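Listed features, source Swiss-Prot:
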- L7, S8, G9, G10, M11, D12, S13, L14, V15, T16, T17: ATP binding site (BINDING)
- C187, C195, C198, C201: Zn(2+) binding site (BINDING)
Amino acid sequence: MKAVVLLSGGMDSLVTTAIANAQGFELAAMHVNYGQRTWHKELEAFRLIADHYAIGERLEINADYLAQIGGSSLTDYSMPISGADLQGLSIPTSYVPFRNAGFLSMAVSWAEVIGAERIFIGAVEEDSSGYPDCRKVFYDAFNAVIALGTKPETSIAIMTPLIEMQKSEIVRKGMELTAPFELSWSCYKSEGKACGVCDSCALRLRAFERAGMRDPIDYEQRPDYI
């Protein structure tokens, strides 16, 4: 069975790809550039990870309309990337409004064309930034939309294998599957060394700390988040 993997190049999408690969799916990898600050590094990570898993069927999409819409510090350079607040309950400025719905729509379109029956996305509801489009209920609803909006003979379902996992569990799962974490990129701010202090870096570093392992990528700072 063929599956589309939404592969940003980050830690979660890497482990999701490793899981789909281990389950024996024929993988097709999709990457979206949406005008984010670190798009060069994320695209590089996507290509390296796709090479690692020998994924030949790939789609790189330009969706910079999200940068034109704005509203996120990832795409609007007038908004600073805020430092990590792992105890806060508010949605951080890095949230890109309704981004995942757009990504999923593109993935469903491609899946329908190439005959893929599954779409894997590395969304995490637990132990994450609290983005509303990373909740299980959102993906359950989107599966209903797919059933209504595709051809009757189409059978496409979204798979979210990480949705209820803690970040440290994701690290351990990746290690179990020998996922190449050194090829992935999570930093929202930098394309040289990861900053170590943005929300995404903090969640990643804390996950590795809790898993009792050292993150293999380079950081400008490595604060202790435990």
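Placed from the backbone N, Cα and C atoms, the Cβ positions cover glycine too.
Mapped onto three states, the DSSP output places V15 (ATP binding site) in helix.
Fewest Cβ neighbours within 10 Å among the binding-site residues M11, C187: that distinction goes to C187. Other Cβ atoms within 10 Å of the Cβ of C195 (Zn(2+) binding site), summed over all protein chains shown, number 19. When the neighbouring Cβ atoms lying within 10 Å are counted for each of the binding-site residues (V15, C198), the highest count belongs to V15.
Same-chain neighbours of the Zn(2+) site beyond C187, C195, C198, C201, judged by a C-beta within 8 angstroms of the site's C-beta center, are, in sequence order, I81, S186, Y188, K189, S190, A194, G196, V197, D199, S200, A202, Y219.
Within 10 Å of the C-beta of C201 (Zn(2+) binding site) there are 27 other C-beta atoms, taking all protein chains into account. In the structure as shown, the Cβ atom of T17 (ATP binding site) sits within 10 Å of 29 other Cβ atoms. Long-range Cβ proximity for S13 (ATP binding site), meaning a same-chain Cβ under 8 A and a gap of 6 or more residues, is found for V5, L6, L7, I49, I121, G122, S184. C198 (Zn(2+) binding site) carries a strand DSSP state (E or B). Comparing the Cα of C201 (Zn(2+) binding site) with the Cα of every entry in G9, M11, V15, T17, these being the binding-site residues, the smallest distance points to M11. The separation of V15 (ATP binding site) from C198 (Zn(2+) binding site), Cα to Cα, is 21 Å. Neighbour density at the Cβ, taken as the number of other Cβ atoms within 10 Å, is lowest among the binding-site residues L7, G9 for G9.
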